[in-house]
Amino acid sequence: MDSISSPSTSSSASSTPKLISEKCLVCFQPSHGNHFGVDSCRACAAFFRRVFVTHKQQFPCREGDNKCTPDEWGRWSCKRCRSDKCFALGMKPDNIQRDRDRFIFSDNFRDDRKRKTSESIVPLSVERFVGKQLVTTYTSTGSGKNIEYITFFDLTPIIKDADYILKRIPKLEKSVKVKSSLEQLAFGLQEVRKEQLFESVPELRKIGKMETWDNWVKGMRRAGEWIMHFEEFRQLEQEEKMVILKCMWHLFIRLERISMTAEMRRMKLCDDKEFIYGTEQRINYDTLEIDRDWFSEATDREVRSFIGPLPRWFCETIIDALMELRPSDVELSFMLCNLCFHLTGQKLGGRIQEITDRLQDVLANDLHKYYLAKDKYSRYSYRLTKLLSLNRQYKNDLEIRRQGIFLANTLNIFRVKLSHPEMFQFSC
């Protein structure tokens, strides 16, 4: 009886379960559980996954002394010191429990993963890139006129229009103002899509110079109006806002159109070979005619050999993945901002990269709260990983398309001059 009521020290030590700390060891806020081997909150766990598992980036210390700490609310302003803290406490990427999401056990998961991996392989040769044997007549394309360019675009009107938009504060109802920045962006996405036709969308059979210019003008307006729903972005200096918008606008309109195409295909409002090119236009891959006279003297066959098949140019693999994932407007807004801000910061660096990193942190925290508000016990790592993997897939596709454009420019195939070429950093 005494032995039962007074167990030995050794047996007690071996049978006592390990208690979970009430405080997150990284930010000292309430802990959610043991993540990556350390007792932490879900926000810090999501930060570790996002930075070191997904992006695997290295960041400089904001203060320069590697001694930054969280504020009284547990918020870190320095990614470097926060990540160092995670590692110092013993967080490791190999502690990720990848078998906890029920989605992993779907019948098609492994086959889908293999397919996505094979599709992301960069072509090893020019022939493999264009998908056919290259012709050898590029040295004598078109009329042979030795001119620098065929068409010149003065983008000043578009920039002036954007400058005006960036000075306007969108009207938000009180019910929207109290929402998070990410939810306000989702509301902004709904606003810029109000002009979208969903039924009986007219088919655009030919894309020429005027159609291209019109697409740029409307695209810049929609990108500017959308991003101005981001409160932290509105607080930036006008010059900083313009620099960021000029770099990300074209990327935004491509991704937004890709997601709209996925949504309309899922609703059976357009065919598998159709792409929603504009709010009032759709194109068909089989019947679309490209007017080349304004940008090249090459033949249609030669131009298409560089840009590749239209389904690849319009990112069919990402459209299919979005149809399967069915992201909400909040998730889609996060995905758009994550890719736009990441590529913009990576391209421009310096002060702009610091700004885009800070903006991404704001939205990442908002996404975390959004998922918890839907279900505080949900494991949202699957959906977040899928969203970010789509962004990585887009960057891979972007690099492949840019290889074709680079080769075409080397051979002087495309002859268009822009007054502000920096506006097409990610135009492919």
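In case you wondered, yes, glycine gets a Cβ from its N, Cα and C as well.
As annotated by Swiss-Prot, DNA-binding region applies to 21-98, with the evidence given as sequence analysis.
What Swiss-Prot records for 181-427 is domain 'NR LBD'.
Per Swiss-Prot, zinc finger is recorded for 24-44 (among others), and the stated evidence type is sequence analysis. Within the model, the zinc finger (24-44) shows a mean pLDDT value of 86, rounded to a whole number.
What Swiss-Prot lists as zinc finger is 61-86 (among others), and the listing cites sequence analysis. Residues 24, 26-29, 36, 38, 41, 44, 47-48, 51-52, 354, 357, 361 of the same chain sit 6 or more residues outside the zinc finger (61-86) yet have a Cβ under 8 Å from a Cβ within it.
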### Summary of DSSP states over the zinc finger (61-86), given as helix, strand and coil counts
8 helix, 0 strand, 18 coil
